[in-house]
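The domain '4Fe-4S ferredoxin-type' annotation in TrEMBL covers 78-107, 117-146. Taken from TrEMBL, the feature [4Fe-4S] cluster 1 binding site applies to CYS87, CYS90, CYS93, CYS136. What TrEMBL records for CYS97, CYS126, CYS129, CYS132 is [4Fe-4S] cluster 2 binding site.
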Amino acid sequence: MAQAAVTPTSHQQTAKAQNVAPRNAFNLADFFKSFLLWELFKGMALTGRYTFRRKVTVMFPEEKTPLSPRFRGLHALRRYENGEERCIACKLCEAVCPAMAITIESDVRDDGSRRTTRYDIDLTKCIFCGFCEESCPVDSIVETHILEYHGEKRGDLYFTKEMLLAVGDRYEKEIAANKAADAPYR
């Protein structure tokens with residue numbers, strides 16, 4: 001009986017051509033690295049280096065980082081210097097809101113101008129994208145730098161026109177300063 005010649009497989013040919021040791025070969029260096037827990041020591045060395053470096057964590061309520069001039073926080077409605085509301089009930093902010101968080105109802109005044117009778121923002125829906133602020137032709141709706149607000153009930157985060165005007169009246173100086181600082185970029 002004649003035996004057929006055994007031809008090496010393509011994998012064996014490639015391993016021989018590249019001088020790569022077969023997978024089941026014993027590698028003494030890998031053994032000592034795993035036996036001596038080399039990866040563990042590398043990880044502990046990295047941890048040790050970061051232990052004595054300057055900390056980057058900020059303890060938020062006690063320490064505060066500076067906010068960007070373009071930070072978008074709590075909404076506010078603004079008034080003109082004479083006390084009249086700026087909102088002209090064009091409803092652009094309601095139309096552009098991707099989360100549909102703004103609800104506006106308007107009425108025509110005796111002088112023929114439109115003004116809002118209802119302006120509500122549901123902050124549980126709002127994604128703070130800033131589209132409402134950008135679309136407003138009279139800079140009525142703005143997003144302030146207020147980031148610390150909360151509600152104990154779901155309805156507490158539903159801001160009405162009166163609440164938004166109160167926020168705007170309270171922070172008008174800061175809002176005007178932020179608008180002036182952002183004016184070159186608009």
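Glycine too: its Cβ is placed from the backbone N, Cα and C atoms.
Ranking the binding-site residues CYS97, CYS126, CYS129 by the distance of their Cα atoms from the Cα of CYS136 ([4Fe-4S] cluster 1 binding site) places CYS97 first. Listed in sequence order, ARG114, PRO137 are the same-chain residues six or more apart from CYS90 ([4Fe-4S] cluster 1 binding site) with CB atoms under 8 A from its CB. Remote same-chain partners of the domain '4Fe-4S ferredoxin-type' (117-146), defined as residues 6 or more beyond its termini with a Cβ less than 8 Å from a stretch Cβ, comprise 67, 71-78, 85-88, 90, 92-93, 95-107, 154, 157-161, 164, 167-168, 171, 174-175, 178-179.
Each of the binding-site residues CYS87, CYS97, CYS126 was assessed for Cβ neighbours inside 10 Å, and the highest tally belongs to CYS87. Each of the binding-site residues CYS129, CYS136 was ranked by the number of other C-beta atoms within 10 Å, and first place falls to CYS136.
Shown for the domain '4Fe-4S ferredoxin-type' (117-146): DSSP residue counts in helix, strand and coil, namely 5 helix, 9 strand, 16 coil. Rounded to a whole number, the distance between the Cα atoms of CYS126 ([4Fe-4S] cluster 2 binding site) and CYS93 ([4Fe-4S] cluster 1 binding site) is 12 Å. Cα spacing between CYS87 ([4Fe-4S] cluster 1 binding site) and CYS132 ([4Fe-4S] cluster 2 binding site): 12 Å, rounded to the nearest whole number. Taking a C-beta cut-off of under 8 angstroms and a sequence separation of 6 or more, CYS132 ([4Fe-4S] cluster 2 binding site) has the following same-chain neighbours: HIS75, CYS93, VAL96, CYS97, ILE102, ILE141. Other residues of the same chain near the [4Fe-4S] cluster 1 site, with their Cβ within 8 Å of the Cβ centroid of CYS87, CYS90, CYS93, CYS136, are ILE88, ALA89, LYS91, LEU92, ILE104, CYS132, SER135, PRO137, VAL138, SER140, ILE141. The number of other Cβ atoms within 10 Å of the Cβ belonging to CYS93 ([4Fe-4S] cluster 1 binding site), over all protein chains shown, comes to 22. Apart from CYS97, CYS126, CYS129, CYS132, the residues listed for [4Fe-4S] cluster 2, the same chain places the Cβ atoms of CYS93, VAL96, PRO98, ALA99, ALA101, ILE102, ILE121, ILE127, PHE128, GLY130, PHE131 within 8 Å of the centroid of those Cβ atoms. For the domain '4Fe-4S ferredoxin-type' (78-107), the DSSP-based tally of helix, strand and coil residues reads 5 helix, 8 strand, 17 coil.
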